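For reference, the structure is listed below as structure tokens.
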């Protein structure tokens, strides 16, 4: 032994003795395992024949046997399917999952219930555990089912005429269906006469889809199911594409769609949203613009609320648009109706419809059209009502010295946009004597016959009422718009007062434009005399002077615009 301590190697004989001793211990353990009665038919853990020794049976030690028995029991975990009545799943799960948690704790078996029955009267459950724990779980589940069947009130709650239907609600929509404080699900139950239960807890993991159980008459259950699915669809269609048949309409509300020309969108919204807030507060509705598709000459505003309030808000919006047209000169587009051309309706269904053209400008002038930060092209879009954009990918064989712009809109809008682009690039049309005289804005009509109507006899939006859910309730406007002196028109005019120029500053540009105000005044005087000479049951109000003043303002405005454009081109 001293030699071993000093690190010398042990003799070969001692190594052989150690191996024999270890082998002897292995044989003893194998003999004990083989001597266990209920393991006699099983395969031994260690086969002594591998080492060339026979099996020797030894007395069983109690401690070792108990440990080995526990290991054997751990290996006998199985899975079994068990079915329970679909109508009683809620009773088995219990409030907050208390019942099913108690069953699992008492039996030692894990219970997983399928989320839906797929229309069959029984719901499959998966039981996982030892055979003893599975049997215990079956016994406890059977007790609950028997107690529910024989208990009082069960048949009162679910009779032969009632049906139960479950729909799986996405986890992100559970709160939407329940509502704040359970308000939405309460309204659904009151309106449909069914009972709804959202199964929040149970074996389902957190964040998973939750089943909504609907109990009641078959027809009412189906109606409630459709209403729930409609709420979910509404949430998914939050981009407001298409006319929205929204759930609030069933609760006493509704929505209409009002078309707003592009140039008037900013006017309806107002500075920092002040105007649209004022409209909402005054009418008691909610207004939201649909996303801009970049193509249509109009933007759609969704007005949501009671029908009468929606109509009131639509009327206010139309007043703002008409006021803006009168004030900023866009009224010529609508005023052109009845001047012999019959053009200028803002609606998409106007004569000619929405068109698209390609307009070419020199490459070195492209920056003048776009402007710093896109200011010029935005101004062109606002003033014309058309949509102008630069073609990013020109045709392969196109001239590199030219740039192409795409203009979309009705013919009048396209023509105005072309005129504005020519101003920016200094085109030949800029200095022509009749540059603006050829546009629908300021061109005087030929002497009309007696049946010619005044330029604004039908108002700016003749088709607006038809667009509002197909309910034409609009009243034709006769003569100049009277609302210019009302609150909404004056509000917009007040915003525009700082930008007005002194009349003396407009005198020079006016001299370059032919003055048609006198001709229009004479024309309306003749019309007035002819109308007074004819026998009428009731004489309409005389708008002669008002129309004369209106056309003086039109000539003054476009004369000023032309003068500014000429000065700008001379500076360049």
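Counting begins at 1 with the first residue displayed.
Using N, Cα and C of the backbone, Cβ positions are placed for all residues, glycine too.
As annotated by Swiss-Prot, SUMO2 cross-link applies to 15, 57, with the evidence given as a large-scale study or a structure entry. Summarising the annotation, Swiss-Prot assigns domain 'KH 1' to 77-141. Here Swiss-Prot flags 162-228 as domain 'KH 2', drawing on sequence analysis. The domain 'KH 3' annotation in Swiss-Prot covers 253-317. If you look up Swiss-Prot, you'll see 354-421 marked as domain 'KH 4', on the strength of sequence analysis. According to Swiss-Prot, the feature N-acetylalanine maps to 2, an assignment based on experimental evidence. Sequence annotations record features per position, and here Swiss-Prot assigns phosphothreonine to 76 based on a large-scale study or a structure entry. The phosphoserine annotation in Swiss-Prot covers 296, 539, 569. Annotated region 'Disordered' per Swiss-Prot: 426-521, in sequence order.
Shown are the modified residues 76, 296; the one with the most C-beta atoms within 10 angstroms of its own C-beta is 296. With respect to their backbone Cα atoms, residue 76 (phosphothreonine) and residue 296 (phosphoserine) stand 71 Å from each other. The DSSP breakdown of the domain 'KH 2' (162-228) into helical (H, G, I), extended (E, B) and coil residues amounts to 32 helix, 20 strand, 15 coil. In terms of DSSP helix, strand and coil, the domain 'KH 4' (354-421) has 32 helix, 20 strand, 16 coil.
Within the domain 'KH 3' (253-317), the DSSP-based counts of helix, strand and coil residues read 32 helix, 20 strand, 13 coil.
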